[in-house]
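Shown next, in structure tokens, is the structure this report addresses.
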Amino acid sequence: MSFVPEKVFFTKGVGRHKEYLSSFELALRDAKIEKCNLVTVSSIFPPKCERLSVEEGLKRLSPGEITFAVMARNSTNEHNRLIASSIGVALPADESLYGYLSEHHPYGQTSEQSGEYAEDLAATMLATTLGIEFDPNKDWDEREGIYKMSGKIINSFNITQSAEGEDGLWTTVIACAVLLP
């Protein structure tokens, strides 16, 4: 049996609680996907996969459903510790080809830094599979221009959640690409 997702939506959340597991549950609730049995998968954006809004995607989920997702997750119980979770996305111009989703879960990076890193990672993985020549030592903005000017990569973006740890609590952040039939 083959299952290639045809739809995807992106969501994120943050949770805080005195218990580690409960902070994760609250992050799932914030992302509105707590009712699913999540199965994490690796990072391929399926060919011809349609992006849905969070609201449209949630309508397709049922409580207890086995749900596939690419998830970036990070937690801390350190006061003022900055954490982030990002999903980077890179899509080919040719929709019959697959794209990439990357997960990044750093400490000490802002949302912008984490998101840019994840997006860069996804775009670089896609560029190497498409045979786009580039200098990996150039900064992201320059490589992004090369990738898009090649005509082979049409879009890249990220979804990121960051937060600072609070005294006496676990803080968990998640970013997810939820894959649907």
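Glycine is no exception: its Cβ is also placed from the backbone N, Cα and C atoms.
The pyruvic acid (Ser) annotation in Swiss-Prot covers Ser43.
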Same-chain residues at least 6 apart in sequence whose Cβ lies under 8 Å from Ser43 (pyruvic acid (Ser)): Val70, Tyr100, Leu101, Ser102, Glu103, Ala122, Met125
Three-class DSSP secondary structure - the residue listed as 'pyruvic acid (Ser)': coil
